[in-house]
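Undergrad: Found this in TrEMBL, in case it helps:
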ACT_SITE  ARG183  active site, proton acceptor
ACT_SITE  ASP469  active site, proton donor
DOMAIN    26-87  domain 'Malate synthase N-terminal'
DOMAIN    179-429  domain 'Malate synthase TIM barrel'
DOMAIN    435-545  domain 'Malate synthase C-terminal'
Amino acid sequence: MKGVRSYGFPAQDERKIAEGYDVPEGVYIRGRYDQEFAKILIKDALQFVADLQREFRNRIKYAMECRREAKRRYNEGALPGFDPATRYIREGDWTCAPPPSAVADQRVEITGPVERKMIINALNSGAKVLMADFEDALSPSWENLMRGYVNLKDAVDGTITFHDKARNRVYKLNDQTTKLFVRPRGWQLPEAHIFIDGEPATGCLVDFGLYFYHNYATFRRNQGAGFGPFFYLPKMEHSREAKIWNYIFERAEKMAGIERGSIRATVLTETLPAVFQMNEILYELRDHSVGLNCGRWDYIFSYVKTFEAHPDRLLPDRVLVGMTQHFMRSYSDLLIWTCHRRGVHAMCGMAAQIPIRDDPEANEAALELVRMDKLREVRAGHDGTWAAHPGLIQACMEVFTNNMGNAPNQIQSMKREDAANITEEDLLQRPRGVRTLEGLRLNTRVGIQYVAAWLTGSGSVPLYNLMEDAATAEIIELDGDGLGVKVTPELFGRVVEEEMARIEREVGKEKFKKGMYKEACKIFTRQCRARTLDDFLTLDAYNNIVVHFPRGNSRL
Ligand SMILES: CC(=O)SCCNC(=O)CCNC(=O)[C@H](O)C(C)(C)COP(=O)(O)OP(=O)(O)OC[C@H]1O[C@@H](n2cnc3c(N)ncnc32)[C@H](O)[C@@H]1OP(=O)(O)O
Ligand SMILES: O=CC(=O)O
Ligand SMILES: [Mg+2]
């Protein structure tokens, strides 16, 4: 992991007394003690996480080094493409294990951060699946993460409730609830509040390990009809990363004494290199896969990042980079063909529109955009889609149901053989469209406001009537050149200054003063001006939300 320092830790017994947690040898908790958190951070659960960390850390480090090496090649002018060495997998005749009946029907999946009220609302929403998110939609502060693990345990137990004191409203689960998938963080994020053998733990191993340990038995009994738990796996770039997940699943199944193939996961195809690895990723996870998903927002971001040193591939204004651009349509078509050929679900992504409460006309227009997006997806052959808000479930469900009939999915009926010939050129075709100064201004406003929200604990926010999360915001910082006028540092500086003034007017002086807008602006401008892009927008910002107990240097 980048920039890991060594820390002078107190002795094991002192730590136990100081922090209240009873930890296994080599594990050090640097997050706030809380009685509720301690129920999650029990010694055996932490031992499981530590075992995963010790067994897989070298493979993870190697996989991250391979990412950097591939990036170096793209920066020198190379293009991503299909790997000749794994042609036998792409051309081979194999299928994944059949989807368990509990998740045969995934036609609408609601997504949201692992926040208590939202989990209850989502489980009651009428969607088929809830994708509970530790990733794009969550700012991974210690408090958010730990509450997330508590909330998910209560949700799986079926005991989750929430009292909204201000509205005197009590939330609890309906008799019928959606199936739960959990998305751990990507490989790249460390967990700076849990140290294992002197290094920060890998964030996704903490998310996966703690959730799995506490919930696998109840989940399989109540939710999975003998299968599960179910996961979404984000931001992979190569099948070697899927292979690590497969080992982790096998290791977890062994620890739990459950059948191999019990755990199932959908992989987000949301990086450009991964689109050339879809068969290989499914192959590695063939006993544990339930499909692939078009994580379209990170995918766009990944296109930008992969080609940061290719000025001829700069994207147009992001409103123009929709699913009908040739490279995006090719990606989604190839994903459908690949998934259906291998017998698993081809899920599509998120329309960013959310309901607009105070303007019925604008609300109807937003809903219509969502309906059109879903119609295109279901007609293309997708088996299900994502919705960011409970107010969109009905519209998405209607479109999918009206077009899929009574079948739970289209795996057998929509083979999309025509997509078999999609080429590297199709997947990389330069997007068409203009870049405008207004686009740069909007990106700046949204980027700064998103980072400001993230720094204060909100990983997904409504901005200008759209859902913004880490994936949508990442696209923003990168798109500031080619406007007809050259975007010089001076022009960019002026834009930032003027947009900060506009944000202050829009949110009001009081909120602006209390919020983290200035810090966000610093992070945003530093990243926009850097010679090379950070791997992810939130990596730099992460140091700002690390709060160590006992207090000390919190920078990684
Ligand atoms: C690119 C990607 O990775 S997409 C996946 C990751 N991103 C996400 O999951 C974003 C999910 N969506 C959200 O976080 C939210 O919808 C937001 C932040 C965009 C908007 O949230 P709000 O401002 O609370 O919306 P709004 O005020 O309209 O909410 C109305 C009600 O719906 C609930 N709600 C809104 N979105 C969700 C959701 N995704 N899941 C469950 N409940 C939700 C609210 O909690 C609120 O409940 P209440 O009436 O009981 O108080
Ligand atoms: O995770 C989803 C995306 O679009 O990014
Ligand atoms: Mg994403």
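Any Cβ shown, glycine's included, is placed from N, Cα and C.
Because TrEMBL annotations are produced automatically, they should be read as predictions rather than curated entries.
Note that this is a predicted model, so its numbers are computed, not measured.
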Undergrad: According to DSSP, which of helix, strand or coil covers the residue listed as 'active site, proton donor'?
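TA: SS state of the residue listed as 'active site, proton donor' = coil.
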Undergrad: Measuring Cα to Cα, how many Å separate the residue listed as 'active site, proton donor' from ARG183 (active site, proton acceptor)?
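TA: Counting only the Cα atoms, the answer is 14 Å.
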Undergrad: Are there any residues at least 6 positions away along the chain from the residue listed as 'active site, proton acceptor' with a Cβ closer than 8 Å to its Cβ? List them or say none.
TA: MET131, ALA132, ASP133, PHE134, GLU135, PHE231, TYR232, LEU233, PRO234
Undergrad: Other than its own, how many Cβ atoms are within 10 Å of the Cβ belonging to the residue listed as 'active site, proton donor'?
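TA: Neighbour count, Cβ to Cβ under the 10 Å cut-off: 28.
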